[in-house]
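Please read the structure below before turning to the comments.
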Amino acid sequence: MPKLILCRHGQSVWNAENLFTGWADVDLSEQGENEAITSGKKLKAQGIEIDIVYTSLLERAIKTTYHLLNESNQLFIPIIKSWRLNERHYGGLQGLNKDDARKKFGEDQVHIWRRSYDVAPPKQDEAQRESYLNDRKYEHLDRRVMPESESLKDTLVRVIPYWNDQISQQLLDGKTVLVSAHGNSLRALIKYLENVSDEDIVGYEIKTGAPLIYELTDDLQVIDKYYL
């Protein structure tokens, strides 16, 4: 029976500082490291054997993946990295303190950007965009698909084809798959898996650094889900 494990990265240093992060490539905080280590120990205690891992190109997700596999004695497992699992791109908000953003744009507007399904924040300015376009992580990426800002809906549009083409194929082969990613890229997957409404998915909370297990039928219908 296929098993899917979703894990949101542990707390990042920008999470701890209340900054919009998005595609900014920041490290885990000490708390985030400990969350990931604890989760890896839980995987080991439950005897969960992972066959393949999918993660993003961002350090906080990659390091979370490392701790999960290291603590469960599974560092040999293949890891596939893709930009399609990156966090939602927060555009011009990236790097801003959330309280400062509320003062600048108004609390209602910031709430709409954060918690609506199909409204994206302001785009990056040209200098910010160039810094991402020139990042080696994205040198293979067609500039025409490189986001300047994303809503949750936009994030889903890039995540679900990757699910259909790559991740789901491993599950259909009966594999146990770990997806170590971000709050919004995982929300996109959960919306698709559970057919969650546009209104409900924006308020869906996913614990940081905690494995969420999906037991699936052979045709990938959800039987059960639970946190370790």
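Cβ coordinates come from backbone N, Cα and C, glycine included.
If you check Swiss-Prot, you get these features:
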type	residues	note
ACT_SITE	H9	active site, tele-phosphohistidine intermediate
ACT_SITE	E87	active site, proton donor/acceptor
BINDING	8-15, 21-22, R60, 87-90, K98, 114-115, 183-184	substrate binding site
SITE	H182	site 'Transition state stabilizer'
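Feature map: Swiss-Prot annotations on the structure.
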| residue | record | Cβ within 10 Å |
| --- | --- | --- |
| R8 | substrate binding site | 28 |
| H9 | active site, tele-phosphohistidine intermediate | 29 |
| Q11 | substrate binding site | 20 |
| W14 | substrate binding site | 19 |
| G22 | substrate binding site | 24 |
| E87 | active site, proton donor/acceptor | 25 |
| R88 | substrate binding site | 28 |
| K98 | substrate binding site | 13 |
| H182 | site 'Transition state stabilizer' | 27 |
| G183 | substrate binding site | 20 |
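Straight-line distance linking the Cα atoms of G22 (substrate binding site) and E87 (active site, proton donor/acceptor), rounded to a whole number, equals 5 Å. H182 (site 'Transition state stabilizer') is 8 Å away from R88 (substrate binding site) when you measure Cα to Cα. Counting only the Cα atoms, the space from G183 (substrate binding site) to the residue listed as 'active site, proton donor/acceptor' is about 7 angstrom. A distance of 5 Å separates the Cα atom of R8 (substrate binding site) from that of H182 (site 'Transition state stabilizer').
G183 (substrate binding site) falls within a helix when secondary structure is assigned with DSSP. Cα distances from H9 (active site, tele-phosphohistidine intermediate) to the recorded positions E87, K98, H182 are smallest for H182.
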